[in-house]
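One structure is given below, encoded as structure tokens.
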Amino acid sequence: MERTFLMIKPDAIQRNLVGEIISRIERKGLKLVGAKLMTVPQALAEEHYSEHTDKPFYGKLISFITSAPVFAMVVEGEDAVDVSRHIIGKTNPSEATPGSIRGDLGLTVGRNVIHGSDSVESAQREINLWFKEEELSSYEAPRDTWLYE
């Protein structure tokens with residue numbers, strides 16, 4: 001099974017959207033295998049967003065992501081990266097499809113409620129950055145036989 005990294009951002013935490021977001025992810029057949037509520041250390045935020053260091057929004061992004069708790073998680077399922085990207089929606093909530101997490105709950109590009117890995121390679125890098133292997137729990141759920149061929 002494929003895994004991906006998702007992070008519910010501070011704006012969603014402050015708006016009490018964690019339960020709704022997780023519910024949408026689970027209803028799509030993805031299984032939560034690791035999760036933690038945490039305040040992000042500066043160094044972790046900088047490493048996570050290292051690809052954006054030269055962009056004008058970088059400083060604000062780091063300040064935002066370290067300003068309040070996030071809910072970091074790893075989910076597992078068939079095509080987990082693509083499935084999660086689809087239900088998350090486009091980065092800009094005004095361009096995201098209605099029914100997607102960002103389309104329904106996001107406010108602006110800077111307050112778009114959730115981060116999701118954009119590729120299998122990014123997912124692996126981000127999972128390794130945020131979680132130790134012993135913090136992840138793979139398991140078989142009875143529903144798996146109904147979800148996957």
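Note: Cβ is positioned from N, Cα and C throughout, glycine not excepted.
If you check Swiss-Prot, you get these features:
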{"type": "ACT_SITE", "residues": "His115", "note": "active site, pros-phosphohistidine intermediate"}
{"type": "BINDING", "residues": "Lys9, Phe57, Arg85, Thr91, Arg102, Asn112", "note": "ATP binding site"}
Between the residue listed as 'active site, pros-phosphohistidine intermediate' and Lys9 (ATP binding site), how far is it from one CA atom to the other, in Å? 7
What is the biggest Cα to Cα gap, in Å, among Lys9, Phe57, Arg85, Thr91, Arg102, Asn112, the residues listed as binding ATP? 22
Out of the binding-site residues Thr91, Asn112, the residue with the smallest number of other Cβ atoms within 10 Å is Thr91
Please state whether DSSP places Phe57 (ATP binding site) in a helix, a strand or coil. coil
Note down the number of other Cβ atoms within 10 Å of the Cβ of Lys9 (ATP binding site), including every protein chain shown. 24
List, in sequence order, the same-chain residues at least six positions removed whose CB sits under 8 Å from that of Arg85 (ATP binding site)? Gly116, Asp118
State the count of C-beta atoms found within 10 angstroms of the C-beta of Arg102 (ATP binding site), not counting that atom itself. 24
